[in-house]
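Trainee: Below: one structure in structure tokens.
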Amino acid sequence: MRPNWELKNCCNHDQQVFLITVSVCTVVILALWRTILLRPFKLVTVFLHEASHAIACKLTCGKVEGIQVHADEGGTTQTRGGVYWLILPAGYLGSSFWGMLLILASTNLLTARIAAGCFLAAFVVVLFVAKNWTLRGLCIGFIVFLGVIWVLQETTKVRVLCYIILFIGVMNSLFSVYDIYDDLISRRVHSSDAEKFAEVCPCPCNGVGWGVIWGLISFLFLCGAMYLGLVILS
């Protein structure tokens, strides 16, 4: 039986709740963008960015020598070997892709549990390869945070796991698009992933051009997450 990705009916109760929740998350994120309250969630996006570099490195038979996430919302991944032109774009595009998956995972309690479990496993693994205390503290903090949310979900009437996964997904998607614009398009940083990619890619495109392309792809991931979420809930 072939899957049907056509959105035929909109909007039932679940779809309305999904759209309203995404809208509320977006407004809250934009309102608190410059505050310290969002700093941990921004650092999670940086974590997924660097983890995506590491995953691309491992999938192309390279070696990950260390990962760092800095308090100023920057990060680095030290790799050796692997396919460099696949590792470079994996950071920005990977974090956008994870944001899409988290938004979709939030539409069902089972998939939200799986997403939270994958997050916990990833934080535990990265805790042992982290090269600085900002990343170690982030891992420990979110292990405790997600653990508490999971316990509340399973043992009390506080059913917030899906909403937490959705919030992280929306935050990750918005921050990824903003990060691409800020790092690669609005200002030209010669040490950026896009500039390095332009040096190794034979296509006649500079770093800003690749930033625009990656930004469009990230925005499409966000739009795809919204559309597929509505399809799943239909």
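Note that Cβ sites are derived from N, Cα and C of the backbone, with glycine treated the same way.
Annotations for this protein, taken from TrEMBL, read as follows:
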- 17-36: transmembrane segment (TRANSMEM)
- 83-103: transmembrane segment (TRANSMEM)
- 110-129: transmembrane segment (TRANSMEM)
- 135-153: transmembrane segment (TRANSMEM)
- 160-181: transmembrane segment (TRANSMEM)
- 212-233: transmembrane segment (TRANSMEM)
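Where in this structure would I find these features, and how exposed are they?
Mentor: Counting only same-chain residues 6+ beyond the ends of the transmembrane segment (17-36), those with a CB under 8 A from a CB of the stretch are 11, 103, 107, 163, 166-167, 170-171, 174, 226, 229-230, 233.
Same-chain residues lying 6 or more positions outside the transmembrane segment (83-103) and placing a CB less than 8 Å from one of its CB atoms are 22, 45, 48-53, 55-57, 59-60, 62, 77, 115, 165-166, 168-173, 175-177, 179-180, 184, 193-194, 196-197, 200-201, 210, 214, 217-218, 221-222, 224-226, 229.
Long-range contacts of the transmembrane segment (110-129) within the same chain: residues 47, 51, 64, 66-67, 101-102, 104, 135-136, 138-140, 142-143, 146-147, 149-150, 161-162, 164-165, each at least 6 residues beyond the stretch ends and with a Cβ under 8 Å from a Cβ of the stretch.
Within the chain carrying the transmembrane segment (160-181), a Cβ under 8 angstroms from the stretch's Cβ atoms is held by residues 21-22, 25-26, 29-30, 38, 41-42, 44-45, 48-49, 92, 95-96, 98-109, 112-113, 115-116, 146, 149-150, 152-153, 211, 214-215, 218-219, 221-222, 225, all 6 or more beyond its ends.
Counting same-chain residues at least six beyond the ends of the transmembrane segment (212-233), those with a Cβ under 8 angstroms from any Cβ of the stretch are 5-7, 10-12, 14-15, 18-19, 22, 89, 92-93, 96-97, 99-100, 103-104, 106-108, 169, 173-174, 176-177, 180-181, 184-185, 194, 205.
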